[in-house]
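Pulled from TrEMBL:
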ACT_SITE  CYS2  active site, for GATase activity
DOMAIN    2-185  domain 'Glutamine amidotransferase type-2'
BINDING   ASP98  L-glutamine binding site
BINDING   LEU269, ILE305, SER379, GLY380  ATP binding site
SITE      GLU381  site 'Important for beta-aspartyl-AMP intermediate formation'
Amino acid sequence: MCGILAVFGCIDSSQAKRSRIIELSRRLRHRGPDWSGLHCYHDCYLAHQRLAIVDPTSGDQPLYNEDKSVVVTVNGEIYNHKQLRQKLNSHQFRTGSDCEVIAHLYEEYGENFVDMLDGMFSFVLLDTRDKSFIAARDAIGITPLYMGWGLDGSVWFASEMKALSEDCERFISFPPGHIYSSKEGSPRRWYNPPWYSEAIPSTPYDPLVLRGAFEKACCLSATLAALLPEAHDRNNLYNSRYRNGENGPCHWFLAVMKRLMTDVPFGVLLSGGLDSSLVAAVAARHLAASEAACQWGSQLHTFCIGLKGSPDLKAAREVADYLQTRHHEFHFTVQEGIDALEEVIYHIETYDVTTIRASTPMFLMSRKIKSLGVKMVISGEGSDEIFGGYLYFHKAPNKKEFHEETCRKIKALHLYDCLRANKSTSAWGVEARVPFLDKEFINVAMSIDPEWKMIRPDLGRIEKWVLRNAFDDERSPYLPKHILYRQKEQFSDGVGYSWIDGLKDHTNKLVTDAMLMNASFVYPDNTPTTKEAYYYRTIFEKFFPKDAARRTVPGGPSVACSTAKAVEWDAAWLKNLDPSGRAALGVHAAAYEETVDAATANVNGGHL
């Protein structure tokens with residue numbers, strides 16, 4: 001991940017202003033420690049802090065078109081940049097950077113090119129010919145972007161809130177799947193998939209199509225010919241279906257592999273849960289035939305963190321042994337996590353309890369990963385939202401409400417798991433890629449009749465059964481059976497149950513009953529309802545005291561990571577509002593006691 005900052009329409013264009021932009025951009029240097037760049041044009045500034053992943057030697061930013069009339073600063077990866085370059089064969093490219101195509105696409109197609117990009121990205125582009133500019137964010141909001149307005153009429157964009165919060169009177173989280181044009185003056189949605197309307201789909205479930213779509217999301221398309229399933233000859237139907245081009249060339253299986261596009265050392269975050277284990281299994285299976293293997297070898301590196309004896313450590317070690325990866329196991333203590341809380345909240349820029357609990361171990365793990373020289377990791381975020389994997393989905397009353405909840409969860413990912421995965425890793429200059437959030441894979445998965453996703457114990461279907469079943473290959477197993485069918489464990493639970501319990505104990509000592517009783521007067525918006533939430537809010541307010549900052553954080557009741565709407569599925573949940581998976585009473589194998597006091601509950605989840 002890189003860090004971007006752009007400012008347009010400043011009244012002050014003096015050297016002092018340039019120095020201020022440099023100072024603010026420097027606040028993003030953790031995201032891009034490899035190089036800094038700044039382009040000034042009259043009252044417009046585009047700054048960049050680079051994390052060099054693709055073309056480390058010549059891809060410094062900002063980037064330009066041929067005559068430098070178009071300037072762009074980008075955070076992200078464009079996985080289909082080679083195919084796009086072929087469409088732009090009349091253009092001359094200056095670098096091997098995957099992001100340079102954006103400047104040339106704009107020159108060729110104007111503002112209507114964003115949907116051509118396959119990747120995760122936030123970018124700001126200046127056309128110096130008329131001083132117009134555009135900003136855009138990827139479909140789901142994998143990469144962060146904020147937009148702000150100064151008292152002098154200036155318009156600001158930044159990867160993180162800390163780069164603009166002091167200089168903007170108002171700022172917002174830029175909506176995912178949108179583009180802002182200075183010619184129009186407001187964001188408009190460029191991402192319009194069929195599922196966005198929340199209409200109930202009716203496509204029959206086909207496990208081979210789903211499997212193919214995910215492997216496509218994981219794998220680099222440039223190596224497709226070498227990676228086609230017939231090379232493994234393990235399933236004749238699967239082979240013939242994709243060899244003959246049904247549903248496009250091997251959907252799933254290109255989704256993981258395309259994310260192996262890298263010129264730097266990389267690995268997979270492996271918690272031992274279903275999602276991260278599948279990512280690791282697909283990457284390990286196809287790594288040898290990828291371009292990345294030519295530089296970094298064919299043995300996959302995997303990483304896991306937890307308290308000693310935690311469920312995740314044990315499961316991850318077993319998966320790593322099965323896949324024969326080079327596994328790196330990290331430990332942390334509850335006290336080490338508590339000591340990191342202030343730094344975590346500063347970096348992830350939220351006071352959401354769920355996100356903070358899961359971000360802390362991920363933040364600590366990312367530091368260890370970076371110390372090994374690794375700059376890119378692949379992770380499993382998004383699967384639970386797409387397939388209804390959280391344990392509260394057991395109580396979904398019908399397929400309509402099940403599907404609508406998955407749509408709500410995907411639309412909110414940029415406020416929760418995407419924010420966590422991106423900012424926790426970027427704090428140490430590590431980039432996280434998420435194949436489950438591949439646009440094409442989401443379209444395939446969200447087109448399935450939700451009746452198939454419903455949790456049906458009477459039919460032997462647990463949460464995410466459609467995904468588990470798609471990879472339940474008897475002839476060439478991806479994973480051990482008990483891992484493939486392991487119960488959902490939210491990341492903040494899986495690192496060790498005493499992590500959340502320790503946080504509660506710590507905050508109960510620091511926040512008094514009187515403080516919590518008067519919380520609605522101190523924090524009238526998104527009033528914290530637990531001592532843990534109150535404690536996180538005080539830290540957040542210290543770093544980001546403006547009202548605009550508070551409003552970038554979502555609120556509302558939640559059980560086991562549900563939306564507020566889904567809390568209505570079970571009346572008992574109103575007495576146990578706790579986002580931890582263990583709040584799914586009667587579902588989680590280690591559920592809380594039903595007598596938990598709601599005033600001391602409120603916990604979290606998140607997952608790798």
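Cβ from N, Cα, C; glycine included.
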Cβ-Cβ neighbours of SER379 (ATP binding site) (radius 10 Å): 27
GLU381 (site 'Important for beta-aspartyl-AMP intermediate formation') and ILE305 (ATP binding site), Cα-Cα, nearest whole angstrom: 16
Among LEU269, ILE305, SER379, GLY380, the record's ATP binders - longest CA distance, Å: 15
